[in-house]
Amino acid sequence: RSGTNYTNPPSNPTQGLKRPRNETGNKVTVVLGAQWGDEGKGKVVDLLATESDLVCRCQGGNNAGHTVVVEGTEYDFHLLPSGIINPKSICVIGNGVVIHLPGLFEEAENNEKKGLKGWEKRLIVSDRAHLVFDFHQVVDGIQETQRQATEGKIIGTTKKGIGPTYASKASRIGLRVCDLLGDFKEFSTKFKNLVEQYQSMYSSLTVDTESQLKKLKEYGERLRPMVRDGVYYMYEALHGPPKKILVEGANAALLDIDFGTYPFVTSSNCTVGGACTGLGIPPLNIGEVYGVSKAYTTRVGIGAFPTEQLNVTGELLQTRGHEVGVTTGRKRRCGWLDLVILRYAHMINGFTAIALTKLDILDVLDEIKVGVAYKINGKRIPHFPADMELLHKVEVEYETFPGWKSDTSAARKWNNLPQKAQNYIRFVENHIGVPIKWVGVGKSRECMIQMF
């Protein structure tokens, strides 16, 4: 069935023809972070992108950071789907993504210097995506300064203007790609009004409106050939010839605006629902949902972190794992694997399989712990608490495993892994109730052991 029958009604509408049974169309594979981000999603996406026709981003902005290593070259992606390295795949930036145009073009240019070619021909941008302006980024910084002054604590945002842009969107004062590409006079008026609204809230905010508009007009023209109606584009992709479609989640379950450790979260839904709303695709077309988790836990910035190790173990994980944020350059906080979190992420996302990354970082440890339950006043609690005060108070119940004390970085098959490492992986798998499809033991593509 071609996907275009909505444009061709039957020639004689009075003939009550029986509709053909509706095949659901192509299924999309979704890759999501299962912890607090930085799990190595880029690597899993890259693995799958090599055979995908379409690679899509559905939420977040250039607050994400994915590093992909191809033939010894490290590419850094923030806004571009990391499938852009594959010359055979088309990349889509969906309506749920917020786009900082200077950031988009700068990122493309940086990666061009490293050898990325022909990206403009392979990038599709939804006309319904909201725009991040430079002043959103300034406001992001001002808000953090104010939080520090009033509450003595910050959220630890990337200051990329993501939160303020989603706030503009929810307040119905945001501007979208379609506005920029429409009547520019109209756009200029709306832009000036938006600036004034922010200036009335933040007296220290100064914006050179005319110079901004001049730049935006130029960016708009560069962007124009890439812009499509995202809903129709995705519909055609789902209902046309068979295609492999991949959705690349940014951020992670515990940073989700609804389900994360609020308020220390990002401002979008980085769980599976975001794939539907951020691209305009029905739940029926969601196929595999892959959760990505490290073999331990890390967190950037502020917020509760029950299994955090503020000791030599934490330091070892940080240095061995080179745990520094791609987007911010901040040192990541490190701790043991927390299965309470992974089970919680699975409840929300319904993972069909998991990728467990950076197993090799644990190679030198004498013993390895895994958090299996949270206790308050000595009593197990059955769920992941919404209340941060409560989460700060939980005591973690651990299961302890002997370390395998051998180098796993050369392993390429399950059988190459030491028995104790296999036991660790099987325990994790059984505890979450989701099969582990990949085990990562290093930085490059080849270091992902595929289990089935």
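Each Cβ is built from the backbone N, Cα and C atoms, and glycine gets one as well.
Taken verbatim from TrEMBL:
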- 1-15: compositional bias 'Polar residues' (COMPBIAS)
- 1-24: region 'Disordered' (REGION)
- 37-43, 65-67, ARG332, 358-360, 440-443: GTP binding site (BINDING)
- ASP38: active site, proton acceptor (ACT_SITE)
- ASP38, GLU39, GLY40, LYS41, ASN63, ALA64, GLY65, HIS66, THR158, ARG172, ASN251, THR266, ARG330: IMP binding site (BINDING)
- ASP38, GLY65: Mg(2+) binding site (BINDING)
- ASP38, VAL326, THR327, THR328, GLY329, ARG330, LYS331, ARG332: substrate binding site (BINDING)
- HIS66: active site, proton donor (ACT_SITE)
- LYS169: active site (ACT_SITE)
Among the binding-site residues GLY37, GLY65, GLY329, which residue has the largest number of other Cβ atoms within 10 Å of its own Cβ? GLY37
As a whole number of Å, the Cα atom of HIS66 (active site, proton donor) is distant from the Cα atom of GLY40 (GTP binding site) by 8
Counting Cβ atoms within 10 Å of each candidate's own Cβ, which of the recorded positions LYS43, HIS66, ARG330, ARG332 comes out highest? LYS43
How many whole Å apart are the CA atoms of LYS331 (substrate binding site) and LYS43 (GTP binding site)? 20
Quick check on the binding-site residues THR67, THR158, ASN251: which one has the highest count of other Cβ atoms within 10 Å of its Cβ? ASN251
Here are some recorded positions: LYS169, LYS331. Which one has the most Cβ atoms within 10 Å of its Cβ? LYS169
Taking Cα atoms as reference points, rank the binding-site residues GLY37, THR67, LEU359, VAL441 by distance from ARG332 (substrate binding site) and give the first. GLY37
Cβ-Cβ neighbours of GLY40 (GTP binding site) (radius 10 Å): 22
List the Cα distance (Å, whole number) between ASN251 (IMP binding site) and GLY37 (GTP binding site). 5
Length of the line joining the Cα atoms of GLY37 (GTP binding site) and GLY65 (IMP binding site), in Å: 9
Largest separation between Cα atoms (Å) of residues that the record links to IMP, namely ASP38, GLU39, GLY40, LYS41, ASN63, ALA64, GLY65, HIS66, THR158, ARG172, ASN251, THR266, ARG330: 34
Cα-nearest neighbour of VAL441 (GTP binding site) within the listed recorded positions, ASN63, GLY65, LYS169: GLY65
Reported as an integer number of Å, what is the Cα distance between GLY329 (substrate binding site) and ASN63 (IMP binding site)? 12
Which of the recorded positions ASN63, GLY65, THR158, LYS169, ARG330 has its Cα closest in space to the Cα of GLY40 (GTP binding site)? GLY65
